[in-house]
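Peer 1: Before I ask anything, here is the structure I am working with.
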Amino acid sequence: MEVKTSLLDNMIGVGDMVLIEPLSEDTFIENLKKRFNHNEIYTYIGSVVISMNPYKSLPIYTAEKVEEYRNRNFYELSPHVYALADEAYRSLREQDKDQCILITGESGAGKTEASKFVMSYVAAVCGKGQEVNKVKEQLLQSNPVLEAFGNAKTVRNDNSSRFGKYMDIEFDFKGDPLGGVISNYLLEKSRVVKQPRGERNFHIFYQLLSGASDDTLKKLKLDRDFSKYNYLSLDSATVNGLDDAASFRTVRNAMQIVGFMEDEVQSILELVAAVLKLGNIEFKPESRCNGYDESRLLGIEQSVLERAFSFRTVEAKMEKMSTTLNVAQAYYARDALAKNLYSRLFSWLVNRINESIKAQTKSRKKVMGVLDIYGFEIFEDNSFEQFIINYCNEKLQQIFIELTLREEQEEYVREGIEWTNIEYFNNAIICDLIENNKNGILAMLDEECLRPGTVTDETFLDKLNTVCAEHQHFESRQSKNSKFLTDHSLPHNCFRIQHYAGKVLYRVEGFVDKNNDLLYRDLSQAMYKANHSLIKILFPEGNPAKVNLKRPPTAGFQFKASVGTLMKNLLSKNPNYIRCIKPNDKKAAHIFTDSLVCHQVRYLGLMENVRVRRAGYAFRQAYEPCLERYKMLCKQTWPHWKGPLFFLEEKRRQCLEDLATLIQKIYRGWKSRTHFLLLKKSQVVVAAWYRRFAQQKKYQNIRSSALVFQSFIRGWKARKLLRELKHKKRCEKAVSTISAYWHGTQVLNTFFSSNKEVNCFCLQMQKYFLGLKKMPSMSPVDKSWPARPYGFLDGTHQELRRIFHLWRCKKYRSQFTEEKKATYEEKLAASELFKDKKALYPSSVGQPFKGDYVEMTKNPKYQKLNSFVEDKVLVADVVSKINRANGKGAPRIFLLTKKSLVLADQKTGQVKASVPLLDLSSVSVSTQNDGFFALKLKEGSTSAAKGDFLLSSDRLIEIITKLHCIGATSADRNKINIDISDEFLVQFKQDKVCVKFIQGTPKNGNGVACKRKNNRLLEVSVPSP
């Protein structure tokens, strides 16, 4: 029997704050601390989950935990984010209510991780199947891609979301996922060009440089050294616990699963590399310091990019004016291009992911939304991005207040229930300060950006001081409110807002530029001219045919509209809350800072939430949905019901099971009857068709047999008639031929009897041609030919001899294979080089050129040497390398390919020298009957450092011939000169040595001997012929 764990069994502290006694801020914090110290990071406030960031991995997210919380009541087990995810999923599936999960908290509180756990749980408990699993995997793998491009390390969080993400997961009526839609909000693109101290740029830059292969970095023209890129901060380039190389591999795999094509991934990496290289462009008043590598990455001509960074064209109606940018403006244009390029790439990524994960069916869908948005931020230097982020968090806090504090209390009063009002801070006044269409900060910022004339951040601050001076949540040193005139903690170029989470000091510098978010039209047009396919998509306004002079909406206006749409979307769904709390500012485990947690509890309104939940009803539901849900129980529940609520739900479940059993019974009977009738009908049809088929087949067999018999009879008759006709035709032809020959003989006899000279000439010609009937030899070297019998046939005789010789030569050549043809061409080349020039040549004529004399591929000793040579080996032989010191030779393996020659040790196969043929200038040999040859290298080449090579080989003719043929057939190198002389110079390192050949009798026998005479002379004795 399964033992269920109750919420109160073995509980550390109090799992639900509604049950805590006594209720005070101190007991609330103490309970959180006690549970946190025992790794109990989740606590309930009714249906709201409080999540403490443990800053370490806990074994509470296993597959066993998923099964433990699956289909269990919310309060049945100890608090967990899985319980809330299961409750939301079951409400969506069974009650047909669209759900949204709101995850809020300040930066570093663990919102991103909580959203991952929610999505992974929903993916684990919903249906199975090939298509369903594919959709689930794509939804889950979209997270690593967006985190790589949209998250960064900040001083408060090593994986801080620098954009807002809201994902709608769509389900069918069974609860199986169909797809999803991701909405992104305000990427912090200023981080691309500048990061505060102790923070990093977006993860993808570091992941690309750390995890990409050398080949990929070479294609992208990148270096792994972070310090070579101005856009990457160096003080926090590496983060403890983050493996950028492994993360890059995860991102590549995730992109493949989501559905990115390989060319799309390459295009994305090219744009990321281009952003990095943009930061390295430097400007001077007259010239730039470095080139434009990114222009090649983007497929843009360098001149086009240079002009876009040097000039700005302003269009107004029909007029154009071009101005030259100074150095500061050029840097501004560069940074604006980098920010826009990365921001648009990120938006394109989100749209591309949406194309892959969108639901393919158009039927009605159930939706579960998961909101993972940047948390409330208070930094030392807060700018426009923090202002927008905190505004969004104000709106989310307003939703929480509306639905959990204000609306519930107003409902009790409206229902006439006795209720003691619980006070709470309503931040609607702060939201109005920021978003009011007339006097709101965003409205005044837009008005200032659109105003003609000189607009600066100072004029914007002056306007705020004028309009918002009396607002109780706005503070400024320059405002008319005298109480801030002496506040030295408030600089003159700043203003301060009292947010629900505390006071935040905003530096006004950059507000106007970041709100305008302008990109010079020259840069947009330059990007549109790129050959890069993705660039054209990202910069459509650069199309000269679609020039739009209308000013684009400001960043603040777009974000305000996006937040308004998000709020409407959230209010249309049933909310589920996860309130994330950061236990300390050190990002360390086991540290609980009471003051920090207390501050978060206060501004999140958790104490007020507990008081409302304690004083209110545990379960509330509108009358219409309740009637709709439990109407099948009307006999047992009308007019009064005195049992517990959970038993009511159990009765409903039992009633549904009974109804389902009855429906299944009726359906199975109908299905079986229908199946039987179909079988019966099919049997009748099959029998009828079979009988018809059998009769047709029998008739076809009889008919085909008759046709075969008839065809044989007709064939026999036709062949008999054909034989008779052929015999008759042969008889007629024979008679005609005999008659013609007889008449011809008669005419010739008459002609020759009257012309004796002609008769004699014809007999002589007949005798001559009959003499040639015996064919002479077919060998091209055979010069024999029958003698002419008569002098007048001399011309004819010679011409016939010449024609026959050409014919038999052609017949002989047609028998050659390509290999044999190449051999004869080499022999011909050897003849042209050495015939009558080298005494060794006649002995080589009868020897075939084999090429490989050491069996390179078969000998295992030369396996390493064989792998060293990439090209085909033309000559492989053992030669002697002559030592200039004593004239003695050392055996070496000589390898010749189309690109280089290699000398290796004969015993070990170790490469001693490798010379490209491009470095070879000439070859010197003697006229004697020896095998010595000198390979002379070009002066100044890399191979000429050790000097020329003096070698000796019995196959000198073959080696030099193949060297000459390689030079003659290669278009990228000159012919190798062959110098044949009995005296030539050889360069040995820094000295030149003369090699002289003399005829004589060596002391050691009949061989060739080499002897050193002095430092400048080597004498080679060659036996006399």
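Cβ from N, Cα, C; glycine included.
Nobody curates TrEMBL annotations by hand; they come from automatic prediction.
Annotations for this protein, taken from TrEMBL, read as follows:
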DOMAIN    12-694  domain 'Myosin motor'
BINDING   Gly105, Glu106, Ser107, Gly108, Ala109, Gly110, Lys111, Thr112  ATP binding site
REGION    563-585  region 'Actin-binding'
DOMAIN    838-1024  domain 'TH1'
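I'm curious about the neighbourhood of these features; can you describe it?
Peer 2: Same-chain residues at least 6 positions away in sequence with a Cβ under 8 Å from that of Gly105 (ATP binding site) are, in sequence order, Ser51, Lys111, Gly375, Phe376, Arg579, Cys580, Ile581, Lys582, Gln600, Leu604.
Averaged across the region 'Actin-binding' (563-585), the predicted model reaches a pLDDT of 89.
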Peer 1: Sort the residues of the region 'Actin-binding' (563-585) into helix, strand and coil with DSSP and give the three counts.
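Peer 2: So the counts come to 9 helix, 8 strand, 6 coil.
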Peer 1: Which number gives the other C-beta atoms within 10 angstroms of the C-beta of Glu106 (ATP binding site), all protein chains shown included?
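Peer 2: Its Cβ has 25 other Cβ atoms within 10 Å.
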Peer 1: For ATP, what surrounds Gly105, Glu106, Ser107, Gly108, Ala109, Gly110, Lys111, Thr112 with a Cβ no more than 8 Å from their Cβ centroid?
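Peer 2: Neighbours within 8 Å of the Cβ centroid, excluding Gly105, Glu106, Ser107, Gly108, Ala109, Gly110, Lys111, Thr112: Asn53, Asn157, Ser160, Gly375, Cys580, Lys582.
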Peer 1: Counting across all protein chains shown, how many other Cβ atoms sit within 10 Å of the Cβ of Gly108 (ATP binding site)?
Peer 2: 23
